[in-house]
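The feature transmembrane segment is assigned by Swiss-Prot to 6-26, with sequence analysis given as support. Summarising the annotation, Swiss-Prot assigns compositional bias 'Basic and acidic residues' to 88-106. The region 'Disordered' annotation in Swiss-Prot covers 88-116. As annotated by Swiss-Prot, N-linked glycosylation site applies to ASN124, ASN198, ASN290. Under the heading heme binding site, Swiss-Prot lists CYS438, citing similarity to another entry as support.
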Amino acid sequence: MFQYSLWPLLALSGGTGLAYLVVVVVYNLFFHPLRNFPGPWLNSITQVPHTLLMLCGLPHKKHLALHMKYGPVVRIGPNMLSFNHPDAMKDVRGHRKSGEPEHGKDPISVQSNGDNIVGSDRENHTRFRRALAYGFSAQAMLEQEPTFKAYVNQLFQRLHEQSSGGTKPVDISKWYTFTTFDMIGDLAFGESFSCLDNSTYHPWVSLAFESLKSLAFLAEIGRYPRIAPYLGLLVPRGLLTKFAENKELASMKVRKRLDTETDRPDFVGKITQGLKSKGTSMEFNELASNASVLIVAGSETTATLLSAAVYFLCAHPRTLDLLTKEVRSTYTQAHDIDLVSTQGLRYMQAVLDEALRMYPPVAGGGSPRKIAKGGSFVAGHFVPENTLVENDMWAMHYDPKYFTQPHDFIPERWLGDVRFANDRLDAVKPFSIGPRNCIGMNLAYAEMRMMLARTVWEFDIRLSEGSRNWYEESRVYLAWNKPPLNVYLIPR
């Protein structure tokens, strides 16, 4: 008898579920506040296409295609818009007028970063930033120059060893990463990760690169609260354990640094010094969490941009020749290449800016903002409150409406060349803008200028045949997932 009574129950459940889906589809298509924004109809009714996009490795290219089809604003999810208009960045992420609420970070995207500068609320972010600012000031950069130079010298010693006089290809991307992680470890904690010494990644570093896909997946799980526990079962076994181990490692390093008396001007010392002078405080877990963020953000992005710059230079021999001449005519000795003098290399700055345009560290979205109460105008469009808004840098940087020959690497566009007079160079903000822009921008530029100048001063560079498609083979899972960049480094 139970078997006969089960079918009506199943039919009722199925009918109810189907009715619910119909209601959701009809509402999202015809009654949702975003119903009038253009975009694929499937994206309007479910978050699944966007999630698959974020996990495919090519969200930047897919978003560009959507903007080419639908225009400067695209509905990429039931409650999510993507803008590639130059004015949208300022409207969403720029400074707000006094009394206006902030367009805050998407709670789901930053749910594990509430105790650091990445995901904290407005009040705590201000507190964290004021404390961290001491370690990133111009004066702090100059005080840390001996540390910069020591690691740059070690890098080029190792590159000379690895290149075998230019006869053996070297994965320069890997060596840049070794250097930036060692450098930021020393600047943050007063001790290196020893990547350059050991010619290998520290476990902390390797986890960041090996788990990019899983991190992108974890970031999307929260958008499906009803089935999140089941989706979590798909995360590789042991990954969460490794995350916990890295968090504990950060705590251990911060505790060790706090227990060590030193006059070296590292970040932890500068932060604690700044907290004392301001009469404010930071909990230990907050200090450790912020230090952990600085390690990844202050190293991976710099190494990525340097790798992109070297690739584009090798792919454009004339541009490489112009940069080489600028550097070698400026310096007679390698040790003269320093933080201050490299700021005067105009063509190098143009090369770095063009590399940042074509290979921005944040290329595929993944960091939306939530429109504040009352809604707001974004690039001339009124966007309702609680809408998630992406500012898609890559889709903007490659849009011919804003950049002439957008797919071509041409540093001259940054040097007043009349061919590019209408380019929206003001829209290239790879370090974001507003109160939450990247606090480490000056550090990144200092590292990039010194290392790239030294690279072209020390070596003639030639791309290995196996890395000809490095750019096309790069993938994005929150951050860039790069293949090896093998080059021949021929000593001068």
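Cβ coordinates are placed from backbone N, Cα and C, and glycine is handled just like the others.
Note: the Cα of ASN290 (N-linked glycosylation site) and the Cα of the residue listed as 'heme binding site' are spaced 13 Å from each other. Here the glycosylation sites are ASN124, ASN290, and the one ringed by the most other CB atoms within 10 angstroms is ASN290. Taking the recorded positions ASN198, CYS438 in turn and counting surrounding C-beta atoms within 10 angstroms, the largest count is reached at CYS438. A Cα-Cα distance of 30 Å separates ASN198 (N-linked glycosylation site) from CYS438 (heme binding site). Between the CA atoms of the residue listed as 'heme binding site' and ASN124 (N-linked glycosylation site) there is a gap of 16 Å, rounded to the nearest whole number. Residue counts for the compositional bias 'Basic and acidic residues' (88-106) under DSSP, split into helix (H, G, I), strand (E, B) and coil, are 6 helix, 2 strand, 11 coil.
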